[in-house]
Amino acid sequence: MEAPEQLTSGDFTASMEPFLLFEEWFAEAKESEPNDPHAMALATVDADGLPDVRMVLLNQRDARGFVFFTNTGSAKGRELAAVPKAAAVFHWKSLRRQVRVRGAVETVSDAEADAYFASRPRLSQIGAWASQQSRPMGGRFALEAAVAKVTAQYALGAVPRPAHWTGFRIRPVQIEFWHDRPFRLHDRVVFARENADMTDWTKTRLFP
Ligand SMILES: Cc1cc2nc3c(=O)[nH]c(=O)nc-3n(C[C@H](O)[C@H](O)[C@H](O)COP(=O)(O)O)c2cc1C
C-alpha cells in the first residue's frame, strides 16, 4: 500500500480515507506495542445467531480489505461458510486506540493463499495439516502423532497448502477509529459506505 498521508495523532478526525488512516495508526502500533500489533478480535455468528469471538492475526491488507488465515473446518470457518459476515477490533493499549471493522467476508484466491502458505515456516505448514482446528482432541499425543505423520509424508520437497486452510478477507462497509482523550471525552470517527465496491466513504463523528 502507498505511504499514508501524514496526520498528527491529534487531528485524525480530519482524515477522509480510512485505509490510509489505518496504515498510519498501524505503523505507530508496530512501534509501540510489546507484541502482536496485528492481533485482532474476530467476531462471527453461529447458525443460531449467537456471536463468537477469538483472536486472529491480520495478514494482508489493502484497499480490498483485511485478511486473516485459518482452517476452514474450524468453528470460525464453519460459521463464516454459513454467514459470511464478520466484525473485527484492534485494541492497541500502548496507544489507547481502537479500530473496529465490519463487513462481508470472502475467501482469498487460491493464488493468494498458496503464496502466503509457501512463505510460512515449514513447521507451521505441517501444523496446518496436522491440526483439525476446533475439533475435539483426545490428548496432546494425538497432535504430536499427527505432526509426526505429516512430517514423514512430506519429508522431501515443499509442503503443499491444505485445501482446508485459506485466507478470509473482510471487505469493510464500516471502519471506526477511537482514540482515548482525557475525562472519557474520546474521539470517535466512523467511516461508512453502502457496499464494499464503493470508494467514497461518509465520515461521521460519534459521541464517545
Ligand atoms: C494473538 C493470537 C493470534 C491468533 N491468530 C490466529 C490466526 O491468525 N488464525 C487462526 O486460525 N487462529 C489464530 N489464533 C487462535 C484463535 O484465537 C482460536 O483459538 C482458533 O483459531 C480457533 O478458533 P475457532 O474455534 O473459533 O475457529 C490466535 C490466537 C491468539 C491469542
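Here the Cβ of each residue, glycine as well, is placed from N, Cα and C on the backbone.
TrEMBL: automatically predicted annotations, no manual curation.
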Given that TrEMBL records F69, T70, K76, Q98, Q133, S134, R188 as binding FMN, the matching residue among W92, W178 is W178
One should report the C-alpha separation between R184 (substrate binding site) and S134 (FMN binding site), rounded to whole angstrom, as 39
Reading the DSSP string in three states, the entry for F69 (FMN binding site) is strand
DSSP assigns the residues of the domain 'Pyridoxamine 5'-phosphate oxidase N-terminal' (32-153) as 42 helix, 42 strand, 38 coil
